[in-house]
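Visitor: Here's a structure for you.
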Protein chains: 2
Amino acid sequence: MSVTAAQGFLAAGVVAGLKSTGRPDVALVVNRGRRKAVAAVFTSNRAKAHPVLWSQQVVSDGIADAVVLNSGGANCFTGPFGFQTTHATAETVADALGISATDVVVCSTGLIGVGDQIFRDKVLGGATAAAAELDDDGGLAAATAIMTTDTKPKQAVVAGDGWVVGGMAKGAGMLAPGLATMLVVLTTDADLPSEVLDSSLREATRVTFDRLDSDGCMSTNDTVVLLASGESDVVPDQAAFQAAVTELCADLAEQLQADAEGAAHDIRIEVVGAVSDVEAVEVGRSIARNNLFKAAVFGNDPNWGRVLAAIGTTSAEFDPYDVDVTMNGVRVCHAGAPDQPSDAVDLTPRAVHVLVDLKVGDAEATILTNDLTHDYVHENSAYSS
Amino acid sequence: MSVTAAQGFLAAGVVAGLKSTGRPDVALVVNRGRRKAVAAVFTSNRAKAHPVLWSQQVVSDGIADAVVLNSGGANCFTGPFGFQTTHATAETVADALGISATDVVVCSTGLIGVGDQIFRDKVLGGATAAAAELDDDGGLAAATAIMTTDTKPKQAVVAGDGWVVGGMAKGAGMLAPGLATMLVVLTTDADLPSEVLDSSLREATRVTFDRLDSDGCMSTNDTVVLLASGESDVVPDQAAFQAAVTELCADLAEQLQADAEGAAHDIRIEVVGAVSDVEAVEVGRSIARNNLFKAAVFGNDPNWGRVLAAIGTTSAEFDPYDVDVTMNGVRVCHAGAPDQPSDAVDLTPRAVHVLVDLKVGDAEATILTNDLTHDYVHENSAYSS
C-alpha cells in the first residue's frame, strides 16, 4: 500500500539491469484518473541533475501523467548526452502510455557521473518493461525498485474522509536540508487542483523532509512529487488535506531516518525557547551537523559541551550561560554549567532525544539526524567502488 | 626552538596532574623584555570559555607579560566557579612573577564542563611550579605541555633581519574556521607596538588558521597570542614582519593538519577562477565540510560528483555545467561531465590535491582539511570516557 492506495493510480517496478545485484531498479507510477494534477519540490542544490532540470519544466503547468524513476545512476554531470537520456526516458514512457513526454516526470538516483550509452539503453528498456507491468497493486514493486542503499522499501498511507493520500520514498544517504538523495512519490485521489497540491506539499516538506538532516549533505537529484487523480470525487477541506500530507511526509521522513546509512542512533533534536522558528531550525541544524557531537552519540557519550559549542556557531539569539540541555530525560547542563551527572544518561537505545532550551522566546523546531559511525564511514568510502 | 627563540622570552612546561597519563599539562610563557606588546585572536564561537572571556580583557590594552596554558580541561561551561578559577590562575602567575594579573593571558583546552575544585587546585599548583622552572630554553617543554590528542609538539621559527618570530601550537581535534581547539603562542623580539602586532596577526590568521578546517567544528577556547619583547632593538619593515608571521602561522597550520585526529589524508582544496576571495573560501569550505566527499577520500575514491554537489550548496557564482575538477593532477570532470577516468587518479598518498576551477573570475583560495576516517569516529566517540 503506497502510491497505489489512492484510486486511479497504477505502478510497477522492474529489473532493468542497472544494479549489479540484479535487483529491481526502474519504477513507474501512472495517474489514470480524470484529473492529472501535480505539484513537486526539488533539491535546492544549485548543482541539479538532468532529471531535475527536466522535471521542473514538466510540472510547471500543474499537469503530469506519470513519474518514471531509476536507481543505479543519478544521470547528473553526464553532459548533453545525459540530458538527452532523460528526454528519451520520458519519450519512451509517453509512447508506451499514449501520453505526452512533457507530462512525464523523471527521477534518477545513484552515482553522479554515471550516464553512458549502456546506462541509457538499460533505463529505456526498463521504462518499456515497467509500462507493460503496470498494476493497481504495484505500489510495493515500485517502492522496492527505487531503493539504493536502503535496506527496506518505505511506504505510508493516510486516509481522509472518502479519500486517501499514499506515498513511497527512498533515501538512505545524503539526507539533508532542502531535501536529500531522496525520491518521494505521493498520490491522492482527492479532487484538488495543482495550486492546492503545491501549497500543501510545500508546507508539509518544510516541517518534515526539510528538517531531516542525516549527514548535512545535499543531493543533486532530490525530488518530491504529489499527483492527484480526482477519482474519489471528494474535494477535501484544505486544512485536512494539508494535515494528511504532512502526516504522510513525517511518517516517510522517520522511515528514512531509521534506515540512514550506517546509523546506530536516531537523534531527535528539539529546540525550544527560541526567538523564531527560523532560529530554532538554525540551532537544531547546527547541532545535527556537528561531527564531534554525532561521534559522541555513537559512543553513547552525552557530551553536552559539543551541543553548546555547536549552538555558539549560529547567529541565533541566546545566552551561552543561560541554556539548558537535556539528553534522554536527564538535564545535564543548566545555565551554562554542569547539572545532573552525565553517567545518569542512558544513550544505549537507538532513539536519542536532545532537548535544548534557549530561554529567549516561544518558538521551537525539531530536527532529525543520525550519529556518525564506523559504518557510515565505511559505506561512504566504498560506495562507488 | 619555538616561543623561546626570540630574545626576552622564558618558558616552562610542568606536570600538574590534570592528565591521567601523567604527562606535562601546564605551560607558561613569559615576556621579560623591555616591551610587553601583545595582540590576540580568539574563537568566533559565541559560546566562549572562561579563559577566552578573561583573556579578551587582558589584551585589550595591548600589554601582556605572560601566557599560562593548561591542557586536561577546557574550563568552559563550568559556572561562576570556572571564571574564578581562570582569575585565580592569572593571580597565581602574577604573584610568582611580580606582575599584574590583568597582564596574564590564560588559555585552557580539554573537555568542556570540567572545572571543579580538584581541577582548580591542580592548575594553580601547575602555574606555581611552571613559574619556578622558567628557562630561556623552555620552548619545547611548553609546546609539549599543551598537547591533548596531539601526537607531537608543534613548533616553528622564522628569522627576519636581526629579529625572529617563533611559536608553538596545539590542536588535533576541532580544527575549524574562525580557529579551532587551537592554542597558539607566538613570540618575537622585533620592536613593534601592539597595533602592528594586531594587524599582522589578523592578516596572517585570516589566510592560515582560518583556512584550516579539519572537521567543521569550532572550539569554545581557541586563542592565538603574539607577544613582542623588543629585545632585538630592530624595528622591522611592517610588510616583512607580516610575511614572517604569515609564514610561521602557515607552517604551524600545516603541522596541525598533519596531526589531525584520526586523519589518513591531508587534503588541499584549491579553488581558482572565483569571483572573489570570499566566494573561493566559501566553495573550498563547503567541500571541506562534506562528509561524503571526506569519506570517499578516506576510501581513495576520487568521487568528484560529491565535490560538485558540495559546490552547489554555496551561494558562490558558478555554472555547474562549466566547472573543472582535478584530483592529484588528473582532470576527472570537465564542463560538468566526466573527463579522464577516475581510475587514473592515485589517492593512496597522504597528500591529496583537489583543484576546482569555477571559471567565472580571477580570485582563488586554498582550504586545508582532512578525510573522514574510522579513527576519527573512534577517537571522537571515546574522547571523554
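Each Cβ is built from the backbone N, Cα and C atoms, and glycine gets one as well.
Features from TrEMBL:
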- A:T181: active site, nucleophile (ACT_SITE)
- A:T148, A:K170, A:T181, A:E261, A:N380, A:S385: substrate binding site (BINDING)
Visitor: Mind pulling out which binding-site residues among A:T148, A:K170, A:E261, A:N380 sit under 8 Å from chain B, Cβ to Cβ?
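Guide: Only A:N380 pass the 8 Å Cβ test.
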Visitor: In this structure, which of the binding-site residues A:T148, A:N380 has the fewest other Cβ atoms within 10 Å of its Cβ?
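Guide: Fewest other Cβ atoms within 10 Å, among the binding-site residues A:T148, A:N380, is found for A:T148.
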Visitor: Where does A:K170 (substrate binding site) sit by DSSP, helix, strand or coil?
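Guide: Looking at the DSSP assignment, A:K170 (substrate binding site) belongs to a strand.
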Visitor: Let me know the DSSP-derived helix, strand or coil state of A:T148 (substrate binding site), please.
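Guide: Coil, per DSSP.
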Visitor: Using all protein chains in view, find how many other C-beta atoms are within 10 Å of the C-beta of A:K170 (substrate binding site).
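Guide: 28, counting other Cβ atoms within 10 Å of A:K170 (substrate binding site).
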Visitor: Could you tally the C-beta atoms, other than its own, that fall within 10 angstroms of the C-beta of A:E261 (substrate binding site)?
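Guide: Cβ-Cβ neighbours of A:E261 (substrate binding site) within 10 Å number 26.
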Visitor: Which three-state DSSP class does A:E261 (substrate binding site) fall into?
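Guide: DSSP call for A:E261 (substrate binding site): coil, neither helix nor strand.
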Visitor: If H, G and I count as helix, E and B as strand, and all else as coil, what does DSSP give for A:N380 (substrate binding site)?
Guide: helix
